[in-house]
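Scroll down for the structure; my scribbles are underneath it.
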Amino acid sequence: MAFRWLSFLLLALPVLALPQTSSKEAQSFGCSTPANIPFNDDKLPDPFLFNDGTPVRSLTDWSCRRQQLASLIQGYEAGTLPPKPPIVTSTFSQNGLTGNLTVTAGFPGNTTTFSSPVTFPNGTVPTEGWPLLIAYSGLSIPIPDGIAVLTYDNSAIGEQNDQTSRGVGQFFDVYGHNATASAMSAWVWGVSRIIDVLEVTPAAHVNTAKIAVTGCSRDGKGALMAGAFEERIALTIPQESGSGGDTCWRLSKFEQDSGDVVQQATEIVQENVWFSTNFDNFVFNISVLPYDHHSLAGLIAPRPMISYENTDFEWLSPLSGFGCMTAAHPIWEAMGVPDNHGFVQVGNHSHCEFPSDLNPTLFAFFDKFLLGKEANTTIFETNEVFNGTVWNPSQWINWTTPTLSH
Ligand code: MCU
């Protein structure tokens with residue numbers, strides 16, 4: 001008992017002494033992270049409010065808020081992302097500039113094994129190892145010299161053909177075909193296991209502090225989820241992820257209601273298994289979601305992210321992408337690193353084709369965050385002319401951006 005009172009005093013003293021820095025942990029003796037809460041708001045929810053409505057003021061507060069958002073997003077739409085299982089082993093082989101990484105993960109008597117080809121740059125291995133780009137389903141963006149690429153067969157981990165893919169794939173062989181995880185959460189689990197083994201495989205010469213992830217379209221949605229839930233990812237590059245990716249559910253609905261033919265939540269849950277079955281319960285009532293995808297992207301902050309969108313495809317919901325990332329940007333601003341978040345939206349190219357005139361923007365992010373070079377990453381641009389559907393920030397964002405204290 002005495003010990004508990006002593007703990008109380010020790011925890012309460014800093015709060016009493018420093019009323020300005022309201023640490024949620026100190027106030028509540030822990031971060032409460034329910035999977036759902038009562039909520040209803042047509043606007044984009046304030047990421048800087050805790051579930052109980054109190055403000056997020058410091059980076060310590062944010063680390064709790066981040067956990068709350070992660071739990072809500074898994075609760076409503078992503079399903080449960082399981083932690084590292086007890087068995088995670090690997091083999092690695094290399095022949096010239098090509099390697100192969102095999103991961104075995106799971107439980108005694110219940111493991112799965114998957115392999116990923118890796119290509120290495122020419123030249124001398126840096127002391128810390130090569131930076132690595134994990135490319136969902138193969139690479140669809142250019143990369144500068146000096147970065148290794150691992151091709152991740154995410155569809156083998158969680159199938160994504162149509163509704164018949166529910167619970168199908170190597171993740172579900174281990175966790176059960178009724179696991180709540182969506183295909184995208186299953187993919188995150190696989191990425192995390194790849195990083196687990198790379199951390200203990202010096203022969204692969206990968207700098208595990210410099211791992212990026214990318215993917216296009218459905219795999220862009222997946223790359224965003226991976227960056228959001230796996231904190232060891234140093235750079236996240238979703239390409240043309242569209243609805244369910246760097247767009248917001250509320251904004252895609254607005255776009256659709258305004259007469260554009262975009263993908264919105266009601267359609268996406270019919271089309272594929274990127275989201276949990278629980279999300280079906282909310283797609284006609286989006287305003288009850290206590291988050292939107294500006295906050296999903298915000299889970300990445302302060303780590304860097306740049307996303308690309310394509311204005312030629314209405315289905316990708318261009319207004320929603322621009323508006324959602326405009327609403328996400330303040331999360332990096334609040335942390336004092338606005339240049340760690342970029343967004344580029346242009347047209348005149350086919351879906352998942354990367355126009356070479358955008359290379360300087362992409363390479364700036366690679367240079368600065370993977371290769372340790374100087375680069376200007378103040379990049380936030382669109383060439384979209386929002387004709388019929390008007391982006392009006394004050395219609396969606398009724399909160400202000402705090403400066404989070406350190
Ligand atoms: C943009 O990503 C998806 C989109 O959500 C789907 O509706 C469509 O069928 O496929 C796109 C895609 O993955 O294209 C390769």
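Positions of Cβ are set from backbone N, Cα and C atoms, glycine also.
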Motif 'GXSYXG catalytic site motif' according to Swiss-Prot, located in which of 53-58, 89-94, 95-100, 215-220: 215-220
Further substrate ligand in Swiss-Prot, beside Lys221, Gln263, Trp315, within candidate set Glu230, Glu271: Glu271
Cys324 - recorded disulfide partner, Swiss-Prot, among Cys248, Cys352: Cys248
Neighbour-count leader, CB within 10 A, disulfide-bonded residues: Cys31, Cys64, Cys324, Cys352: Cys324
Residue pair His351 (active site, proton donor/acceptor), Cys64 (disulfide bond) - Cα distance, angstrom, rounded: 37
Tertiary contacts of the motif 'GXSYXG catalytic site motif' (215-220), as residues 6+ beyond its ends and Cβ separation under 8 Å: 135-137, 140-141, 154, 160, 238-242, 245-246, 272, 274, 307, 351-352
Length of the line joining the Cα atoms of Lys221 (substrate binding site) and Cys352 (disulfide bond), in Å: 13
Mean of the pLDDT scores, which run from 0 to 100, over the motif 'GXSYXG catalytic site motif' (215-220): 98
Additional residues around substrate, ordered along the sequence, whose Cβ is within 8 Å of the centroid of Lys221, Gln263, Glu271, Trp315: Arg218, Gly242, Ser243, Gly244, Glu267, Ile268, Leu316
In sequence order, those recorded positions of Cys31, Cys64, Cys216, Cys248, Gln263, Cys324 whose CB lies under 6 Å from ligand 1: Gln263
